[in-house]
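Take a look at the structure below.
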Amino acid sequence: MTYSKSLFEAKASKKLTFEAIAKELGRGEVAVAAIFYGQAQASHEDIDKLSNLLGVPKEDLEASMGGFPDRGHSGPMPPVEPLIYRLYEVVQNYGYAFKAVMNEKFGDGIMSAIAFSSKVDKEVDSDGVT
């Protein structure tokens, strides 16, 4: 995405986190990161707020972010980046288990990966290991 570089540079220069930007946009931090990577669509309101917060010209963002996101092109398959590979392993190992539980609870159908939300928290086990 042409705008990703501008957004990441502005985020770094202002020393902002995805969490801080998410609070300003009224969105989750993972959703904001997905916008930065071009994996989620930004609303007109998101573009206004990003422009004001990051100091990136609104016209530039509107011109490059106004279309549809290009999902599914985030990298090679299977992933080679270690953390992303671990998430891939979760789907490999538990995908059918999640599907079975969701089918029991919600019936036959598919889950939306577009209208999806997630939250990142740190978990400490009983030995104090994170």
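Cβ coordinates are placed from backbone N, Cα and C, and glycine is handled just like the others.
Predicted automatically and left uncurated, TrEMBL annotations should be read as such.
Marked as domain 'HTH cro/C1-type' by TrEMBL: 9-61.
Sequence-distant neighbours of Arg86 (active site) (same chain, six or more apart, CB under 8 Å from its CB) are absent. Summarising the annotation, TrEMBL assigns active site to Arg86 (among others).
Residues or ranges marked as active site by TrEMBL: Glu89 (among others). Cβ neighbour count for Glu89 (active site): 12 (other Cβ atoms within 10 Å of its Cβ, all protein chains included). Reduced to three states, the DSSP call for Glu89 (active site) is helix.
Close to Ser112 (active site) in the fold, though at least 6 residues off in sequence, lies no residue with a CB less than 8 Å from its CB. Per TrEMBL, the feature active site maps to Ser112 (among others).
When pLDDT is averaged over the domain 'HTH cro/C1-type' (9-61), the result is 96.
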